[in-house]
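Presented below is the structure to which this report refers.
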Amino acid sequence: MSGLLTDPEQRAQEPRYPGFVLGLDVGSSVIRCHVYDRAARVCGSSVQKVENLYPQIGWVEIDPDVLWIQFVAVIKEAVKAAGIQMNQIVGLGISTQRATFITWNKKTGNHFHNFISWQDLRAVELVKSWNNSLLMKIFHSSCRVLHFFTRSKRLFTASLFTFTTQQTSLRLVWILQNLTEVQKAVEEENCCFGTIDTWLLYKLTKGSVYATDFSNASTTGLFDPYKMCWSGMITSLISIPLSLLPPVRDTSHNFGSVDEEIFGVPIPIVALVADQQSAMFGECCFQTGDVKLTMGTGTFLDINTGNSLQQTTGGFYPLIGWKIGQEVVCLAESNAGDTGTAIKWAQQLDLFTDAAETEKMAKSLEDSEGVCFVPSFSGLQAPLNDPWACASFMGLKPSTSKYHLVRAILESIAFRNKQLYEMMKKEIHIPVRKIRADGGVCKNGFVMQMTSDLINENIDRPADIDMSCLGAASLAGLAVGFWTDKEELKKLRQSEVVFKPQKKCQEYEMSLENWAKAVKRSMNWYNKT
């Protein structure tokens, strides 16, 4: 394959040879691969559980050797399940969880440590000290003054910039400060840094290709989306050498081919994309004002903002959705952690056997009998922004049953959805065109209906909820001419059900007020100062 087909007319003239595309998603809970045909039907699948490691309280890691074995295995298993041969795969698209990173030896390819997950809290004290530092105050003040004179959007964004534990930036600083082996390698220019996409690309090509894409780069906290390059300002501020960061390429791009030794044939790698941006693409949220609500391990609310970046003061941050040739699509995003995490935790406590049971359990009750759950195993994100908040149940009584606990957990997910949506309406001045949901938790009809009621909007749930896989496959398919253009993708999308408001938001007012009170009491719990 000599290069990408970026012109729709050029693609249309290409022979539409038979074949399949692979969409692979390395999520926070599972790693999944689907084989898609031209009708975007899943012909074969494989899934394995991602094994997160918890070496210390608040630390979350992934063993790269285990992840690599799983990655190769799910591709082989999915292709086998589809009943096809590897040489029938015309392109591979890879979607990955974002801001989870690793460093490795440039000469040997050996990693210095495990992947440090986006959920990891080891840098929480660094985040606190940096955000309260004199240097940050000077940085913000300087940017505000310069913005006053120049009216530059970029400087306005910089004046609001704060570090979070979810960004790669200060977790990488923590590694540089605490692992002498990495420090030495950086000094000797023998260190590679990469998020999961970069590392997989490096492994798949046996070290011959080192790169990331714009969607993944923009979620690290080290990228300048206005200049479309790594941020000299931020990297200088926290002393991370720019030479440590990989080249940034288009999302739909000919990154190279998988080394033949791995699968027996050189499969073209033609899309790298961050999971939320991939889900946005898979949902066909191509127009300004299109909204995606992903409920997986965490909840992510994204709105397509066209070609303009939107910075807010409350908690929506600008991202690059994807870059394909000259087209750059921007998103504004906010998130809430511990969505699927809370359900999984409840399952481990034997409140239910299968997550599918929770919908029926919640619907069997009129309400939670005043029980509130605060989903804060990894702190509370926007609009509360409290990394020291604790997860908690409040309002427990002798009459409280596991059914009340389960309903309270599901209600908390819907309440967080409402918080994010209200903040989006307040801060992003773009009319909402449509809302589409995906992720494992969107299979729960109770959460979906309650969210629809609370925000008073229709929410479309697709027939295929694995949108990150489909998005990666769609981007790969467009790159090789497997699909002609976005219009063709829109025609292939299938909706399963549209949830419409059935109750007025006011009917939830008392429950929402009680929950907000519980959240307030859970905040700042772990703060040592």
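Any Cβ shown, glycine's included, is placed from N, Cα and C.
Keep in mind it's a predicted model, so treat the numbers as computed, not measured.
For Ser28 (ATP binding site), other Cβ atoms within 10 Å of its Cβ number 20. The ATP binding site feature in Swiss-Prot is assigned to Ser28, Ser29, Thr297, Gly340, Gly440.
Annotation source Swiss-Prot lists glycerol binding site at Arg98, Asp275, Gln276, citing similarity to another entry. The Cβ of Gln276 (glycerol binding site) has 30 neighbouring Cβ atoms from other residues within 10 Å, across all protein chains displayed.
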* Asked: Near the Cβ of Arg98 (glycerol binding site), how many other Cβ atoms are there if near means within 10 Å?
  -> 27
* Asked: Widest Cα span across the glycerol binders Arg98, Asp275, Gln276, in Å?
  -> 8
* Asked: Quick one: largest C-alpha distance among Ser28, Ser29, Thr297, Gly340, Gly440, binding ATP per the record, in angstrom?
  -> 12
* To do: May I ask for the distance between Gln276 (glycerol binding site) and Ser29 (ATP binding site), taken between their Cα atoms and rounded to an integer number of Å?
  => 14
* Asked: Under a three-state reduction of DSSP output, how is Gly440 (ATP binding site) classified: helix, strand, or coil?
  -> helix
* Structure fact -> Apart from the site residues Arg98, Asp275, Gln276, the 8 Å Cβ neighbourhood of the glycerol centroid comprises Ser95, Thr96, Gln97, Ser215, Thr219, Ala274, Gln277, Ser278, Ala279, Phe300, Ser468
